[in-house]
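Copied over from TrEMBL:
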type     : residues  : note
COMPBIAS : 668-690   : compositional bias 'Acidic residues'
DOMAIN   : 1-99      : domain 'C2'
DOMAIN   : 243-364   : domain 'C2'
DOMAIN   : 403-538   : domain 'C2'
DOMAIN   : 954-1079  : domain 'C2'
DOMAIN   : 1126-1252 : domain 'C2'
DOMAIN   : 1406-1524 : domain 'C2'
DOMAIN   : 1645-1796 : domain 'C2'
REGION   : 653-693   : region 'Disordered'
REGION   : 1267-1290 : region 'Disordered'
TRANSMEM : 1893-1915 : transmembrane segment
Amino acid sequence: MLSLTVHLKTVAHLRGRGDRIAKVTFRGLPFYSRVVENCEEVAQFNEMFRWPIASQLDGNEMLEIQIYNYSKVFSNRLVGTFCMVLQNVAEEGHLELTDTLIDENNTSIKTSVTLEIKYQPMNGSMGSWSEGQFLDIPDDQDGVFTFETDSLLSGQSRGSGTSPGRSLHGSIPTFRKAGKGVFLAMKLGKIRSSKEDHRKEDEPAILDMEDLDRKAIRLAGTLDPDTVSLASVTAVTTNVSNKRSKPDIKMEPSSGRPVDYQISITVIEARQLIGLNMDPVVCVEIGDDKKYTSMKESTNCPYYNEYFVFDFHVPPDVMFDKIIKLSVIHSKNLLRSGTLVGNFKMDVGTVYSQPEHQFYHKWAILSDPDDITASCKGYIKCDIAVVSKGDNIKTPHKANETDEDDIEGNLLLPEGIPAERQWARFYVKIYRAEGLPKMNTSIMANVKKAFIGENRDLVDPYVQVQFAGQKGKTSVQKSSYEPIWNEQVIFTELFPPLCKRLKVQIRDSDKVNDVAIGSYFIDLRKISNDGDKGFLPTMGPAWVNMYGSTRQYSLIDEHQDLNDGLGEGVSFRARLLLSVAVEILDTTSPEIIGSTEIQVEGVSNISESATGKMEEFFLFGSFLEATMIDRKIGDKPITFEITIGNYGNQIDGVSKPSAGKKKKKDGENEEEESELIQNSSEDEADEDAELVSVSSTPLMKPVITDRNYFHLPYFEKKPCVYIKSWWQDQRRRLYNSNMMDKIADKLEEGLNDVQEIIKTEKAFPERRLRGVVEELSIGCSRFVTLANKDLNQPGRTKLDRERLKSCMREMDNMGQQSRLIRTQVKKNTVRDKLKLVQNFLQRLRFLADEPQHSIPDVFVWMMSNNKRIAYARIPSKDILYSTVDEETGKDCGKVKAVFLKLPGKKGFGPAGWTVQAKLELYLWLGLNKQRKEFLSGLPNGFEEIKAAKSGSGPHFAPPVSLVYNMKQVFQLRAHMYQARSLFAADSSGLSDPFARVFFSTHSQVTEILSETLCPTWDQLLVFDDVELFGEASELRDDPPIIVVEIYDQDTVGKAEFIGRTFAKPTIKMCDEHYGPPRFPPQLEYYQIYRGNSTAGELLAAFELLQIGQGGRADLPPLEQPTDSERGPILPVPLGIRPVLSRYRIEVLFWGLRDLKRINLAQVDRPRVDIECAGRGVQSVLIQNYKKNPNFSTLVKWFEVDLPENELLHPPLNIRVVDCRAFGRYTLVGSHAVSSLRRFIYSAPDKTSNNWATAGEKTDLTECKTVRMTEEEDDKERKKKKKKKKGGVEEEEETDGSVLDWWSKYFASIETMKEWLTRAATKRNKPTCVVLFIRLCWHVQVFNKELETEFGMFEDWLHTFNLYRGKAGDDDEHAFDDDRIVGRFKGSLCMYKVPLSEEITKEAGFDPNMGMFQSIPHNDPIHVLVRVYVVRATELHPADINGKADPYVVIKLGKSEVKDKENYISKQLNPVFGKSFDIEATFPMESMLTVSVYDWDLVGTDDLIGETKIDLENRFYSKFRATCGISSQYSVHGYNIWRDPLKPSQILAKLCKESKIDAPQYGPGGKVKVANRIFTAPTEMEDENGKAKQTEEHLALAVLNHWEEIPRVGCKLVPEHVETRPLLNPDKPGIEQGRIEMWVDMFPMDMPAPGPALDISPRKPKRYELRVVIWNTDEVILEDDDYFTGEKSSDIFVRGWLKGHQEDKQDTDVHYHSLTGEGNFNWRFVFPFDYLMAEEKIVISKKESMFSWDETEYKIPPRLTLQVWDADHFSADDFLGAIELDLNRFPRGAKTAKQCTLAMIQNEHELPTISIFKQKRVKGWWPFAARDENDEMELTGKVEAELHLVTAEEAEKSPVGLGRNEPDPLEKPNRPDTSFMWFLSPLKSIRYFIWHNYRWLILKVLALMLLLLMLGLFLYSVPGYLVKKMLGA
């Protein structure tokens, strides 16, 4: 067995006397030694610890030994730590050593440890080891094995908050100290030592272990970066010691605020609807809004393609609980509501949680809510998308419909839900409730009392349960605060349901209107598990707590929303005992009730103990500090109240139940403290008898801190509160949650670090990630060991057991995965792995949320004048105590900074950001019997003050206050350097910021800097004589936090809040040296928050220096104010402020655009001021902005001193001012460039051959093979055509006449789909050449705007938006678009001075242009702009009918083109196919707006949406976006070259501009550019089809691969179509549709371009489909004959093309078919218009008689044939139908025998044919219908012939309908009986009777003959006998 043994011998040179304990940790598993009592300098431990290990010892693994001073009462104090890398041990197997320890600051101390380590390797064999093996270690003498923590550890330092040190000068990471627990397993020195790793070059040299001559190195400076936390963002959030927990910086409740949502649903079609010959309508319902599609007549598969949009403005929770319901209704009209065929339900949240928030082209399964035994009722194909502000929906490009017709494969269900959902019953059992508030005034009650003489409870509660759009209610319990219902509400719903939440609400029944008392949501995902070892939803019986508004009753409750479950409840309302169970129904069993109506039934009562044993809990709180009290309440005395449930609530807590009821033992209804005493459990010791709860602090008048805030003068006397309460003991649930939460917090902090490392580009993010993953895996395995203490305590529910199992499985699995991930983290995979680990984090948070509550949350209220002012809500699990450290709540026994906020809606918006009060609060909650621990976490140095009356009483009563007699005096230095990207608080778009720093009861402000968003205060604030209470050493580990608030100073009124951040100071005690590594502290960035959103960053450093006996003289000296102008302001001292170097910043001033009016006056003479770090430069004045908005001088520069560290660079401010008359200046707008990084100039690397790649490099050999001549191309196609015989053919006829621009477009979309699917399936096979050729003719279709593909075309010209006006807060306008007042175009370039000379010496270097060489001049230029608009998709409906009549409007500068007369009627997906030419002059007219308007007959037209394109950046971009480069050069046809310059001319021009040699064309189709050789064909056809030589193909080959040219290459814009979202200013951020288009630009000083491409929409082609119905066979027989009971049918066939229902055609009737055979010889003729490319029939018709114009529909070509039984007096009976999709339908069978149902059922497997290819088909096809069991059955067969002819052919050879001329068909040969029997009765009787009964008749005749013979025989025998006998 491999094992590692450590023999800990002695620890020497200890200070003082005391008990010592050692903790030895290896691979995350700690062992504790025994306690060596009362030892002085030397502690003799002499103990062995042994770890069995299953994997070889790695040389980088660590052993850690920590020595503690042991204390029974307080937490153990760490003396020092010894860590060593086990490298020597791994190699030699044995080591003895003595070495010194280091303390928490990484400084060496005298104390030394002596130990011996042995390692027994086991050669060759490796086992796999799981932490579980430790659990059965028998030999305890090797080391006390303590999992169950006993008294030994009870005093162990609590909590496992590990904290970062600081990054010392960014390079030497400090050592992190950790509390005891799981997380100590951070292996500190994972510095790889194996030889090959050193070659990888991503490790720095310092950490190279080889040359440290293999000593067991101590962690002096080379600590593993894995475990180093970064201070920057997390500076506050991590703790150094364990006395404080981290504050939460995000203040505002986000949930209750309404948001805009838009839900768009397209109902495309329905299939397989059950029912005969129906007229279906689809109803779309969301919440209470309903919309209907149009009605389609007599079809089971209607095609609608109708688009509906629903707009909502509600909070997210309300939105996501709304139910989307799709129902199909049959034969609905004005008078009758129709009958429901089936419906489908899903909540909005399910859609929103889909990728892209949408389902696209999916089939919803319909089921019948009134008959759950029936199977599927049909399918609806639809798209559903939910968009909220800022989401953009990416529409997958429309593909062919083949894949989507596979219904089973495309069901409208989220991932992982089975297609066959079963019906299930959901049982919600409601037992009873407790602690309800009163919901009526007492006046009424007193009146009643006077009359009736009995005191009533003032509430009439009932429970309402909502699920999947249905509501169920229990009965009302009249006047009861503790109602008992014992009822269950039963829902019947498909399982798994597509609705995530069940809402349970206690309501008060009232005559006027019922109001909610409290709500609780049950998330089904949390109470079930869908894995293979999962469980059905189950919950309880368990108590759930409800929170809402405060409990005092008022007629109008301002916080009523809270009771409905919106927002965070501010007070406990009630608790409800309920349970949930689900039972899957067996729908085949006969006794099942078919309907889904809600049922309510009674259930039996459950026992008291079913929910757990009642225990007495003790809650203790101590208020250490109350500061930052808002000045509005500062003038009255203040008290704080703490409540848990109704305990401790003195104003409006417990309502007394009416006298008649028995007092309950469990103390649920205490009001007076005295009752507590009678009720306290008898078995308790006497001493506890007098314990009275104290739930509020004494009243105290606040003292002023500064002009905004007050504080309470607690000083050394800290008030305490304590409450006893009784709850069911369900701590285990909370413990498990706590363990997971802690692992998750740890993980989150680690991940933030990793992101920060990546963001700040520090070294080795991969190491930190490895450390994080390691911690996660150790945490997981620790969870598995701890959670397995499955005590079968009372009240454990099924959910508890199942949840525990699934959590253990998940955690175990997560631990294994994270071990695997750890091995895979490499430098290049960090980002991917980071994403994976972030998924773990979400998973952990999800698992940690416990659905079954136990103890209610704790509320802290600030009261003034007996009114509740502000509150904080603290989850009880966070402060719950456990003897096991990991299970303890994260804030239990710790000091937490708590910020109080206003309740409910008052807390929204600005009011919610200001702190009402900040408390330093210590809380502890645990069982009363564990009470002795409750003070252990307080900062040391206090005495307890007991209540006066208990003087004689027990000594164990909790204190009413604590007095700290130890106080330390400090000086705080706040180095406020600068802030950046602040929130704009003034109307000018800037702020006048100052910072206010709070520490304890002190506050100071920086100076106010006016008009900036990036203030550099460079100011040192000194707080003298800050008194802090407690032990010095503890304060050193754990100082209170500093709060920094940033304000905007206004000239009048009070300063406006911008945001706040928290920081922790670095502390120096008076005996420490002020010097490296900790001092002076480094500047760090702190994120500033405003509510939940960020509002900038602060760069600052904070140090807290203890003032000793010597007073301030001992402190490091302060520099005097240097700057005489600034007065007595101290600057940030030199060691802290950043090191500066000299930079030159060059500014390119190009021009200003779109400046809006300022104060109603136009901007006329603007100027741009650039400022950075106090230096700057001004542009020249633009003399006349209207005439030419460009600057005449292009480049200016200035020099400035900036920090060496790029991350500390201050922002650069761009301001535009307008120079008015008389020397007045007006600020137009400003822009802050927060990061200058992208503008830092880096010299081009001469050695690299390619520094500007965009797009991938293509291998040049591939180019050779690809470019082939067109003749080969055609041969290929023909070959391909021959190949594909059976299946669908790919290409239509290749003759040029058919191909047009649209063929190219549709082919491109198809290819795009192919590429996408290929990318999705990762089939990276070499693409066949054929596909490449098809690609050659393509235009690239971008699924987004062109500029996003090419970096906004800011390759050298950047656009900076100018802002003005106050920034909106997240609720009104998260978008700053309204604040944009114009744009500045230009660029920046910064570099260190001096620059290397070789650049300036290059040929043609113009010193005036600096780094901006070879930039075009910016004089006005005339351009022809040609805009092609292809089509728009998914427009937002603008008319009442849910449609729009769109047309295009193009605006550029002053010119506007309206295409109003060509509007497209009632279409949300219009195809425009238009091009528009506009002449423009840049720069005056450079913003192109393309809008889509809705045409209205009356009134103005409405804007649907618009998109804006900056043409100027495109025009000047080096990506050459003027005219896309096609992939082929041709001089005629649809693919004609559009650019006026030929490819060779473009190439020559590019080479000249890039200063490279002109292209050299060589023989054999080669061209050489910049030492690269490209090949291509050299022949082309002219218009007459003659071949001629050309170099254009060669030049084009180079242009298409221009990105491969070294140094100057970049991808040129190809011929393309871009897809742009349409936005409407009234609905910011929500897409209103998309438009596909492209823009070409041609300078007027060049040769004119040719005519515009013709992209007008294809005209549909006229076709005629001739269907001849020859015969039918085996048609089922419906009628019974009156006389003979004979089965027969009067058959006729009906047919129509979908969409042409009014053109139905019927054959004549074949009467009285007895065999199902029918003969018709009948012809149908269907003319229709068809679009070949889209495979759709085009129909134009008026929607209704009131329609103004015709609407065009496009629907797939489908032929429906039905067989009917004709009836004379009643309606005809429908027998069966078949629908053939003319593009792909099964080939008909040769004979009737071979024709089976399989032809339509297995449609996907069978080869299909297209009538458009085959032109003529004949065969037998089956008719089908559904029987009672919804099974498809064969109801007949038809022999038909389909013949497709074009309109021209139809004219040449016309045919008649039916059997008419021309080309008549012969009469069918029908048997004569088929005519009516009364015309020739004998004939038919003969036919009937003889035909059917001939054998019977023959048999009867034979029998009669026999009988006759027998009769004659009997008749004649007697006579005959007599004759014989008598012999007569």
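Here, residue 1 is simply the first one shown, and the rest follow in order.
Backbone N, Cα and C atoms are what each Cβ position is placed from, and that goes for glycine too.
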_Interface-richest range of 1-99, 403-538, 954-1079, 1126-1252, 1406-1524 toward the domain 'C2' (243-364), CB pairs under 8 Å_ = 403-538
*Would you list the DSSP helix, strand and coil counts for the residues of the domain 'C2' (1406-1524)?*
12 helix, 53 strand, 54 coil
*Using DSSP, break the domain 'C2' (954-1079) down into helix, strand and coil residues and give each count.*
6 helix, 63 strand, 57 coil
*Counting each residue once, how many in the domain 'C2' (1126-1252) are helix, strand and coil under DSSP?*
10 helix, 55 strand, 62 coil
_Arithmetic mean of per-residue pLDDT over the domain 'C2' (1406-1524)_ = 88
*Over the span of the domain 'C2' (403-538), count residues by DSSP class, listing helix, strand and coil in order.*
17 helix, 57 strand, 62 coil
